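According to Swiss-Prot, the features are:
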| type | residues | note |
| --- | --- | --- |
| ACT_SITE | D143 | active site, charge relay system |
| ACT_SITE | H204 | active site, charge relay system |
| ACT_SITE | S527 | active site, charge relay system |
| DOMAIN | 33-110 | domain 'Inhibitor I9' |
| DOMAIN | 115-589 | domain 'Peptidase S8' |
| DOMAIN | 362-442 | domain 'PA' |
| CARBOHYD | N174 | N-linked glycosylation site |
| CARBOHYD | N227 | N-linked glycosylation site |
| CARBOHYD | N450 | N-linked glycosylation site |
| CARBOHYD | N564 | N-linked glycosylation site |
| CARBOHYD | N598 | N-linked glycosylation site |
| CARBOHYD | N610 | N-linked glycosylation site |
| CARBOHYD | N668 | N-linked glycosylation site |
| SIGNAL | 1-24 | signal peptide |
Amino acid sequence: MATAVSYCLLSCIFALLVVSFASAGKDDQDKQVYIVYMGALPSRVDYMPMSHHTSILQDVTGESSIQDRLVRNYKRSFNGFAARLTESEREILASMDEVVSVFPSKNLNLQTTTSWNFMGLKEGKRTKRNPLIESDTIIGVIDSGIYPESDSFSGKGFGPPPKKWKGVCKGGTNFTCNNKLIGARYYTPKLEGFPESARDNTGHGSHTASIAAGNAVKHVSFYGLGNGTVRGGVPAARIAVYKVCDPGVIRCTSDGILAAFDDAIADKVDIITVSLGADAVGTFEEDTLAIGAFHAMAKGILTVNGAGNNGPERRTIVSMAPWLFTVAASNMNRAFITKVVLGNGKTIVGRSVNSFDLNGKKYPLVYGKSASSRCDASSAGFCSPGCLDSKRVKGKIVLCDTQRNPGEAQAMGAVASIVRNPYEDAASVFSFPVSVLSEDDYNIVLSYVNSTKNPKAAVLKSETIFNQKAPVVASYSSRGPNPLIHDILKPDITAPGSEILAAYSPYVPPSESDTRHVKYTVISGTSMSCPHVAGVAAYIKTFHPLWSPSMIQSAIMTTAWPMNASTSPSNELAEFAYGAGHVDPIAAIHPGLVYEANKSDHITFLCGFNYTGKKLRLISGDSSSCTKEQTKSLTRNLNYPSMSAQVSGTKPFKVTFRRTVTNVGRPNATYKAKVVGSKLKVKVVPAVLSLKSLYEKKSFTVTVSGAGPKAENLVSAQLIWSDGVHFVRSPIVVYA
C-alpha cells in the first residue's frame, strides 16, 4: 500500500514538474529582447542608473534576481536598458512616466587607392593639413570590429592618445591596441567557434575604418588591380572601434548598437561613422541610430550614416533623422572592367574585379537553360541552386541570367561565368572568372550562343581604367523622399562608394565560395561612402575644432559639387538620389556661411513633430517644453542646409522656408542671393545680407510657388548666396 501511495505521489510530482518546465519553456519562448529607452541621463549627482534599472525590472517582472533578464545598461551618455521581456511586461514599462519608449531589439544590416584623389584630397604636401590637431582627432567606428595587425592601423610614428580620450582597450582575446587604434570594445554575444573579441570576422569594419582614417600604405592592390596608396581621409587621426555585428552572420543587434553609442559618446570621440541600417524604420524613439545620434549631437559629436543599399527605387532611404548625416554612394573616374571575347571576334566590356588570368583561352559557351534537365526554364536560366548538370557545364563558360548564382556554375565545374545585371555599375569580387554584363550586352552574347553551332568565349583578367563618367549615383544607393519626415531632404550628400579598395580581414574570404585570404579588397556600398564623409568631417574639424556638428554638415553640403538628373540612373529622382551633391573636401574648409542647428533647434523640431510634455523632457534631459508657437512650427523650418516640401500635385502651391546663416568667412562681407535651375517661382527676402563680423547671424525667408508637380515627381532649384569669393549653395525641392 505504501508503495502504491509513494508511486502515486511521485507520479503527481513528476506531472507537476513537467507542467512547470513546459510553462517555463513557453514563458521563455514568449520573451524577447526589448530596449527600454529613458531619454537623457538625469543631472542629479546621486542618480545611479544601474540601481534604478534593476529596481524597475524587479518591480515589473516580480523577480528579485534579474540576471537572466537584463541584457545591458545604457548609463554613460543616456539612460535606459535592454532586457528580456514578455509582451505584458513591455506594456507595463511603456506606460511608465519615466520611460520614453520600449521597442524590440532588431537586427540591422551592414551597408582606397584613388577615391581621395578623385575628391581633391591629394597625397602628401599637395593637401593642406593640421597634423597636430589631426592627431588629436578620434573617429569612432561602430561596425564589425577591426583587424588590428593591418598596416592601415599600425601605431608606428604615433604619440600617446589625446588627453581628452576617456575610452579603454577592451578588445578581448588576443587583441592589442596601439597609439593609432587607441580603443576597442565589443557588444556581440558569444558564439561557438568565434572568440569574444573586437576582431573583425567579416572584413566590413576594417574596410570602413581604413577609408575614414587608415594610415597611408603604399603599393597596395587586389592581385595587381587598383595598385597604389591606400589611405584614409585623415591618416593621422586615431581610431576607436565598437564591434556590434555578430561574427559569421553579418547582422547587428540594435541593443548592442545603442550600447556602442553610449560608450563612444562618453569616450570622447569626435566623429562617429556607422555604416549600418535597418530594413524597416519607425518613429524616432524606436530608431536606434536616431536615438544614439541625437545624444551624440547634444554632446557635439557628428554621426555619419549610409543611406542604404536598396536603390534605385524611391522611398528606400533608411537614415532619416536630421541629426544623422546621410550619405549616398557614387562612382569615381576609376573602374574595373572585364572583357569577354566571343568566338566571332567581337569584344564585350563587362564589370567585375577578376584577378584570374585564363591567358585569353576560349572555352565552350553554354546557357544555363541548356545545362539543366531538372528545373524549369526560368530557374535554369538563373543558374539556381540544384539546377545545373555538371556534365553539361564542366570545363565551359556558363551564361546566367543573374549575378546572384555564378558560384553554382563554379561548383559544377565551370571555368568561368558570364552573368547579367541591368545595373552593372559597380564591380564585385568573385571566386572564379566572372564578367557582369548590361542587359543589352548580355543579349548580344546570348544571341551569339543561340545562333552558333559551337559557341566559344574568353573571359579576360580585369583592367583598370580612369575615364569613367563620374560622379554618378550608384544604382544600389537608397533614394528619397524621406518616408518619415516629408519636409527634410534625404540623402544629404554623395560620396564615392563603388569599387573602393581598402583594408580587410584575412579571417574571411573576399567573396562567397572563395578560398583566398587577403588584407585589402574591393567592396561597394553606402557602407563605403559613409566613412568617406566621416573622414571629410574629421578633416574639417582639424581646421575648425570648435564647430558644431551642424556647422560641419552645412559646410560639406553647401560646398558640394553640383549634380543633376543625368548623374542618377533614375533621372526623375535627382536630389532624392544625391542630396546636395558630391562632397568636395577642400571647398568645405571655407564655406563662407553655415546653417547651424543646435540642440534647442532640434528640440523645437521635435515639438513640431508632436513630441511634448514629459517625453520631451526625458529626451532632452532638461526642463524643455513646447510653446504654442513651437508646437505649430513646421518641420521644414528647421535650420537645415537644404529645403524640401511635399505639396499637393493637383493644385497650385505656396510654401515658405525660414533660415538663418552664420558668417564664418570674412568680416564686412555682403552676400547676394541667386536662384538657378528652376521652373518654380522663388522669392528670397532679403535678397542681400550684410555681415559686419565673424559669427554674425542673419535670417531670411525663401518663398516658393508654382503649379503642383506631377505625382511621384519633383521640381528643384538651387539657392546660392555669394560674396564673390564663397558660393553657398542649397537645394530647394518640391514634390507631390
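Even glycines carry a Cβ here, placed using N, Cα and C.
In terms of DSSP helix, strand and coil, the domain 'PA' (362-442) has 23 helix, 19 strand, 39 coil. For the recorded site, D143 (active site, charge relay system), the DSSP three-state label reads strand.
Of N227, N450, N564, N598, N668, all annotated as glycosylation sites, the residue with the shortest Cα distance to H204 (active site, charge relay system) is N227. Closest by Cα distance to N668 (N-linked glycosylation site), from the recorded positions D143, N227, N450, is D143. When secondary structure is read from DSSP and collapsed to three states, N227 (N-linked glycosylation site) falls in the strand class. Cα distances from N564 (N-linked glycosylation site) to the recorded positions D143, S527, N598, N610 are smallest for S527. Counting in whole angstrom, S527 (active site, charge relay system) lies 32 from N610 (N-linked glycosylation site) by their C-alpha atoms. N450 (N-linked glycosylation site) is 62 Å away from N610 (N-linked glycosylation site) when you measure Cα to Cα.
Note on proximity: among D143, N174, N227, N450, the recorded positions of the record, the Cα nearest N598 (N-linked glycosylation site) is that of D143.
Within the set of recorded positions D143, N174, N227, the entry lying nearest in space to N450 (N-linked glycosylation site) is N227 (CA atoms). Contacts of D143 (active site, charge relay system) defined by a Cβ separation under 8 A and a same-chain sequence distance of 6+ are given as L110, H204, G205, T208, A209, V241, Y242, K243, V244, C245, T273, V274, S275, L276, in order along the sequence.
For the recorded site, N450 (N-linked glycosylation site), the DSSP three-state label reads helix. Counting every protein chain shown, 29 other Cβ atoms lie within 10 Å of the Cβ of S527 (active site, charge relay system).
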